[in-house]
Amino acid sequence: MSEKLQKVLARAGHGSRREIESLIKSGRVSVNGVVAKLGERLEDESSVVRIDGHIVSAKVQEEVICRVLAYYKPEGELCTRHDPEGRRTVFDRLPKIRGSRWISVGRLDANTSGLLLFTTDGELANRLMHPSRQVEREYLVRVFGEVTEQKVRNLVKGVELEDGLARFEDVVYAGGEGMNHTFYVVINEGRNREVRRLWESQECTVSRLKRVRYGDIFLDKKLPRGGWMELDLKEVNYLRELVELRPEKETMLDLSKDNTSRKRERARSQKIRRAVKRHEERVSTSKGRSNNPARRKPKKNAGEQGARNKHR
């Protein structure tokens, strides 16, 4: 099987297909030492592909299994592969894989926690992030300020931000007292700090923000902060169908619904928790307490699921 070079590189996470096409047109991509041409096809993984002289991963479709992780990002972690100041990044705790790499589906601010998806398929990541797909993202947000019915109507109708009109698809009150209020809000694009800026437009300050859903993938209440779990084939194909990609036939998971599998999954969850704890202890030892963000025990979020179900 052969595939177009730009498609292979986009799936490997080196940019969107249009960005890769631009790189090829600029002569910045080579295959086996020869400058690549737009539309060139790769036959197998034996070809050596370089971008700006650096060897990059490039596998044709038959050699790639699309994998997706759901990660519970804690506050304080950065959505970058490498930080020059040595701060924690969301990639630090992810499992190592050979012949591929994890690609984040969008980003979350350092001060935002919650669900962050990772995949080995760059094309899937790019499509899920693209505004034209209008994939819903749901957040649990705590705001400080006076929240009136008119302000909520403004947020649903749409307000003009510096980068254009923005709005919430849904706003549901989830409790609060005094000037502190908690809401579930839904957006269908991923502009920078969009949730925070929308509330700021109504003279309200976001004091806590947590993503709880991406499409129909929810943050699992059993997942600890800093923990991850791999999605099964059904969930992976739900995401692929959502953005019009052909379904996968294989998965790296082999979990049925029997009791043995459930026990195995519980043991896996406990293993993740222990790994997270060991990681935090290593970071604390190497950097000292002064460089560590404050840590809190994860709260049980069964109530969040119930509150969401009420307005879906």
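The backbone N, Cα and C atoms fix where each Cβ goes, glycine too.
For 3-74, the entry in Swiss-Prot reads domain 'S4 RNA-binding', with the evidence type sequence analysis. The active site, nucleophile annotation in Swiss-Prot covers D109 and rests on similarity to another entry. Annotated region 'Disordered' per Swiss-Prot: 254-312, in sequence order. Per Swiss-Prot, compositional bias 'Basic residues' is recorded for 263-277.
Confidence annotation: the domain 'S4 RNA-binding' (3-74) carries a mean pLDDT of 84 in the model. For D109 (active site, nucleophile), the same-chain residues that are 6 or more apart in sequence and have a Cβ closer than 8 Å to its Cβ are R193, R196, L209. In the three-state DSSP assignment, the secondary structure recorded for D109 (active site, nucleophile) is coil. Secondary structure of the domain 'S4 RNA-binding' (3-74), assigned with DSSP and counted as helix (H, G, I), strand (E, B) and coil, comes to 19 helix, 21 strand, 32 coil.
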